[in-house]
Amino acid sequence: MAAQVADGVADLKLDDTKSKPTNGTTQNGDAEHEDSDDDNEGEEGAAEGGEGAAKKKKKRKPRKKKKAGAAGASGPKTQTKPPRVPVHEIFLNDSYPEGEIHEYLNENSYRTTSEEKRHLDRMNNDFLTDYRRGAEIHRTVRQWARDWIKPGMSLTEIAEGIEDSVRALTGHQGLEDGDAQIAGMGFPTGLSINHCAAHYTPNAGNKMVVNYEDVMKVDFGVHINGRIVDSAFTLTFDPVYDNLVEACKAATNAGIKEAGIDVRMSDIGAAIQEVMESYEVEIKGETFPVKCIRNLNGHSIGHYTIHGGKTVPIVKGGDQTKMEEGETFAIETFGSTGKGYVRDDMETSHYAKRSDAPKVALRVSSAKTLLNSITKNFGTLPFCRRYLDRLGHDKYLLGLNNLVSAGIVEAYPPLCDIKGSYTAQSEHVSFFPSV
């Protein structure tokens, strides 16, 4: 979510019997085994003479073959399409992938080589497990969504498909008071198209669809116990936009490599801008330089707070603040074929209760009811109007606007460059262990 300036069959063990296989039975020889038994019965009957021969040979009932996977029924499950199996049922004992690990450089290299420092980092295991679980959920849903989204689909269908998958994988549907604060959506699914760079999700009744020639930014968050994983990608169907998408990917990777404890924000911004603005894109016979959107930034992430207070610029100059140990950052880049500057535009859909919300008297009764529901269900996590609809709220706009004007709830309107331009986004989370 953008910050704006001014922002296997689990080890199945078979009995290793040392006795010789009966009648030359092989590993794949069920049929041979049955035939051999019948032969033995015939020999026994012949040895008993006429009495045995007179007896009808009993037919052996064929053995029931075990169903594939039955032996591993208690083992890990596999994911479905769309994703609906909670990840803790796939990754047993919370053994989630660690993700990409970058070694500390220069004067911070001791954090990698010191056994004591690495031991202290491992003491934060519960904290990291929450992040890794959230990251695995995000990766799974992101991977599925890339293949699933097709031209002609409505934005509402796409947003709800992603959000239903996230809730299923966390195991929390968020329909009971407080459930959405245990785990679920870190913030609403952003589906910002073309010149709109961020903070757009469909409200109820929205009829917009994604078209073949569109450039859509898919930005959604997953949280586990308030640890928010914020990641985004740009989806296109026409290869003409490939360079625009690649510019953001490469710039984000440059920012991630530059980031680290004691690194100045301005240095990260310079590295990002150098890579981003080395690209250009040709659209309909006209060549456009890819520009950084200079008033959009990455940001630190707090506990239950998507914008933690520090910003990571994507252009050179400016903030000399350093990254510190124990902090989590969303390294986020935006490229544009337009002016490289965004303004508030279109209908607002994203909101969040302020962590420093003032205590003021609310004279609108619907505002009081709505605030109580927001506090119970979202806390300071961002939400959108569709989430209020999902909880059964009706005719709440007056109360919501009252909360915004009172400074209790922050509104995040869509951020757009000039019409006719195209914008792209790439984002990943980086965590710097504390010692």
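Just so you know, glycine gets a Cβ as well, placed from its N, Cα and C.
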D230, H299, E427 bind divalent metal cation 2 per Swiss-Prot; candidate in E163, E176, E332, E347 listed for that same site:
E332
Under 8 Å Cβ-Cβ from D230 (divalent metal cation 1 binding site), six or more apart in the same chain: what's there?
M1, G186, F187, D219, G221, I301, I306, A330, E332, E427, V429
Those binding-site residues listed as H199, H307, and which of them has the most Cβ atoms within 10 Å of its own Cβ:
H199
At the Cα level, what's the spacing in Å between H199 (substrate binding site) and H299 (divalent metal cation 2 binding site), rounded?
15
Cβ packing number for E332 (divalent metal cation 2 binding site), 10 Å threshold:
30
State the Cα to Cα distance, in Å, between H307 (substrate binding site) and H299 (divalent metal cation 2 binding site), rounded to an integer.
6
